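Chemist: According to Swiss-Prot:
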- 4-190: domain 'Flavodoxin-like' (DOMAIN)
- 10-15, 78-80, 113-119, His134: FMN binding site (BINDING)
- Tyr12: NAD(+) binding site (BINDING)
- Trp98: substrate binding site (BINDING)
Amino acid sequence: MAKVLVLYYSTYGHVEQMAYAVAEGARETGAEVVVKRVPELVPEEVARQNHFKLDQAAPVATVAELADYDAIIFGTPTRYGNMASQMKQFIDQTGGLWMKGALVGKVGSVFTSTASQHGGQETTLTSFHTVLFHHGMVVVGLPYSFQGQAGVEAVKGNTPYGASTIADGDGSRQPSAVELEGARFQGRHVAGIAAKLARD
């Protein structure tokens, strides 16, 4: 049985919703799944003034615990085509794990949220993949066997690089059914691969 960590940062709750969908999919494979988040860097008063979603149930992760999992599925909103600073600050503390090769051979995957349809989903995912490659992780995306990412009948997220959602500039759009199903598919897919690698 694979042990999977879903580790996310969410400002307004969109990535949080996707994280729990990812976890749901991973659990369908029989994996042991833990959902955690990275710390918020914005002062609480400022976060409240800007309507951040601060009532998130997931506990805050530590860098050291990343080595305890067979797979880590990271979730972050985009910031100008890159991961959010909160996630970057957490990732930048993993140098000790890198020195030990603690994440080599583990499965890594990423999902994201953007304000607009062309707001940097793919660059956020692929730039995050670079970090995972440096750690020697086995990088897994969202394959086209998830057919929900095809078609042009509606505005929707999901890419071959990872699941995604579109939040709109004011955060009013919530993850759609097909976006959440993409997240569940990615969770199942990653957990299944992690289980196979763990048996080898």
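The backbone N, Cα and C atoms fix where each Cβ goes, and this holds for glycine too.
Quantities reported herein were computed from a predicted structural model and do not represent experimental measurements.
Looking at the shown structure, can you explain where the listed features end up?
Modeler: For the recorded site, Gly119 (FMN binding site), the DSSP three-state label reads coil.
Mapped onto three states, the DSSP output places Tyr12 (NAD(+) binding site) in coil.
In sequence order, His134, His135 constitute the residues six or more apart from Trp98 (substrate binding site) in its chain with CB-CB distances below 8 Å.
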Chemist: Which whole-number value in Å describes the distance between the Cα atoms of Thr78 (FMN binding site) and Tyr12 (NAD(+) binding site)?
Modeler: 12
Chemist: Go through Ser10, Ser113, Ser116, Gly119, the listed binding-site residues, and name the one with the sparsest Cβ surroundings, counting other Cβ atoms within 10 Å.
Modeler: Ser116
Chemist: Across all chains shown, how many C-beta atoms besides its own are within 10 angstroms of the C-beta of Thr78 (FMN binding site)?
Modeler: 25
Chemist: Measuring Cα to Cα, how far is Ser113 (FMN binding site) from Tyr12 (NAD(+) binding site) in Å?
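Modeler: One finds 10 Å between the Cα atoms of these residues.
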Chemist: Same chain only, sequence gap of 6 or more: which residues have a CB within under 8 Å of the CB of Tyr12 (NAD(+) binding site)?
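Modeler: Same-chain residues close to Tyr12 (NAD(+) binding site) (Cβ under 8 Å, separated by 6 or more) are His51, Phe52, Lys53, Ala167, Gly171.
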